[in-house]
């Protein structure tokens with residue numbers, strides 16, 4: 001048994017440290033900033049770029065989602081080093097010289113969704129002594145304004161290469177550069193996916209520890225089902241028995257009803273079949289129409305930062321070193337026996353090596369993990385050799401198998417005065433809604449833009465093959481939004497009332513790559529998403545657009561939907577729909593797969609070909625989930641934390 005203290009150290013940027021003080025202030029003072037008025041432009045959804053919103057919606061604190069975070073644990077004084085580019089602190093370190101001279105046992109690279117879970121669970125032994133936290137942290141995020149977070153300082157701001165499938169457009173890929181990673185900037189949708197998906201992960205890894213039956217316990221540990229902010233009766237909208245009741249992340253149904261919600265449900269009962277009503281998408285079957293569940297508690301985002309990391313800073317085991325990035329992972333005695341992490345505080349700064357007595361746990365994200373593996377000599381031999389990097393393991397699967405859900409927004413004009421459109425055009429209305437959220441946690445801002453969603457199987461398949469993971473898994477998804485949701489190249493209109501139906505392919509067969517073209521760890525990797533490069537993906541997107549129109553042709557929408565808005569109105573043939581898709585598609589920012597289980601890592605997520613190194617994040621997934629993946633990442637991290645604790649007797 002190990003005794004002593006667990007010690008966590010987290011890396012921050014200087015700007016984040018300034019944010020920490022701001023977040024300690026009362027929320028009312030944030031909104032009462034002198035001279036501030038709610039934005040009155042049509043880009044109000046990007047209000048976080050104004051100073052008050054930037055402070056407010058950062059919520060958790062920008063942290064490494066790629067080649068940055070870290071964590072360790074000592075033998076006699078079990079120490080856990082948690083190194084992130086942005087983060088939160090109990091004891092702030094400004095220099096690598098302040099790191100513990102005793103070294104560390106486990107190094108966790110990454111302060112995102114998975115890294116946060118690992119940090120919490122590996123440091124929870126009550127017999128282990130901790131150091132005091134001297135900073136109080138508040139996470140204050142408005143769910144509805146999640147659309148404002150991409151392309152800001154809390155986003156890594158990755159950009160793809162020009163995509164053939166998008167008529168040579170490049171697109172942004174949002175990844176959370178914030179404590180909690182993408183769980184702090186995503187749209188909070190909470191799906192654990194079908195039983196089929198988990199069973200397929202077990203098949204891909206050749207290990208039954210990943211079947212749904214085996215991971216259900218760990219999924220339930222992640223979250224707690226809580227009432228929606230408006231306290232409405234949720235009977236028939238959710239199955240409480242399939243949810244966790246004492247986990248760190250709060251999950252709830254929408255707390256602000258819209259005119260769309262009952263129409264969607266009524267359409268499900270009218271159509272049935274592929275469009276049947278699904279009472280709970282977390283009950284094992286991801287098919288049908290129903291209510292969205294989100295990682296929201298009391299009208300506020302619930303993230304890995306708020307759920308898993310804030311309790312850690314109350315323990316006496318967190319050090320924070322600011323402005324530091326992991327540049328390389330290596331072995332001190334043998335190149336294949338990983339025990340060392342190299343860090344730097346600037347691109348041209350001194351490299352400092354810190355040791356892990358037991359393991360390095362890499363949770364740097366779908367883009368950062370393959371980048372850091374490659375920089376460390378674990379990757380495709382040709383790529384590494386061309387850059388002069390010594391090849392430790394020729395791992396051709398590193399950085400390949402990149403896949404995301406393609407999305408196209410469908411816009412419709414509606415006969416209504418109750419969409420959010422006028423609120424986003426009028427600063428006075430916006431301020432009123434904001435005040436309602438601030439004082440009561442009620443109103444539009446307590447929810448994400450969509451309250452209802454649907455997952456569908458295709459009626460027929462190109463070549464007769466269903467690429468999903470089974471009959472319980474969907475091929476496409478839709479989300480119904482009560483206003484104009486600006487996804488893609490279309491601009492927010494100056495007038496009118498709208499409904500958006502966001503349509504996505506959730507079992508895509510297109511694949512891409514994340515490849516380094518530089519030995520500079522501060523440079524972004526080259527991301528070729530390969531989006532919409534297969535026949536299936538285009539056919540599936542055409543079908544889901546037609547499915548949307550089938551739903552809207554039912555009687556609940558009569559007199560409400562008045563027309564199709566934008567280029568979709570002129571796309572009536574499959575060829576025209578294909579062109580519309582290629583000109584307007586983006587992604588749902590659900591990328592996975594760049595360190596695939598069974599090829600880059602084994603079933604216990606050890607990197608194949610070396611010892612002392614595991615990958616624990618969304619990059620290990622063999623194929624993309626048909627659902628929104630955050631609940632899967634939480635569950636994978638919970639499962640691995642338990643395995644590691646058992647292995648080392650923690």
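Placement of Cβ uses the backbone N, Cα and C atoms for every residue, glycine included.
Some features that TrEMBL has for this protein:
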ACT_SITE  590  active site, proton donor
ACT_SITE  628  active site, proton acceptor
BINDING   178, 326, 629, 630  FAD binding site
DOMAIN    104-406  domain 'Glucose-methanol-choline oxidoreductase N-terminal'
DOMAIN    508-637  domain 'Glucose-methanol-choline oxidoreductase C-terminal'
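Feature annotations (TrEMBL) mapped to structure.
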| residue | record | DSSP class |
| --- | --- | --- |
| 178 | FAD binding site | coil |
| 326 | FAD binding site | strand |
| 590 | active site, proton donor | coil |
| 628 | active site, proton acceptor | coil |
Among 178, 326, which are binding-site residues, the residue with the most C-beta atoms within 10 angstroms of its C-beta: 178
Candidate with sparsest Cβ neighbourhood (10 Å radius) among 590, 628, the listed active-site residues: 590
Alpha-carbon distance [residue 629 (FAD binding site); residue 590 (active site, proton donor)] in Å: 7
DSSP helix/strand/coil residue counts for the domain 'Glucose-methanol-choline oxidoreductase C-terminal' (508-637): 47 helix, 23 strand, 60 coil
Local confidence of the prediction over the domain 'Glucose-methanol-choline oxidoreductase C-terminal' (508-637), expressed as mean pLDDT: 99
Nearest-integer angstrom distance between the alpha carbons (Cα) of the residue listed as 'active site, proton acceptor' and residue 178 (FAD binding site): 19
Largest CA-to-CA spread of FAD binders 178, 326, 629, 630, angstrom: 26
Sequence-distant neighbours of residue 630 (FAD binding site) in its chain (C-beta under 8 A, six or more apart): 113, 182, 183, 186, 188, 189, 190, 295
Cβ neighbour count within 10 Å of residue 629 (FAD binding site): 28
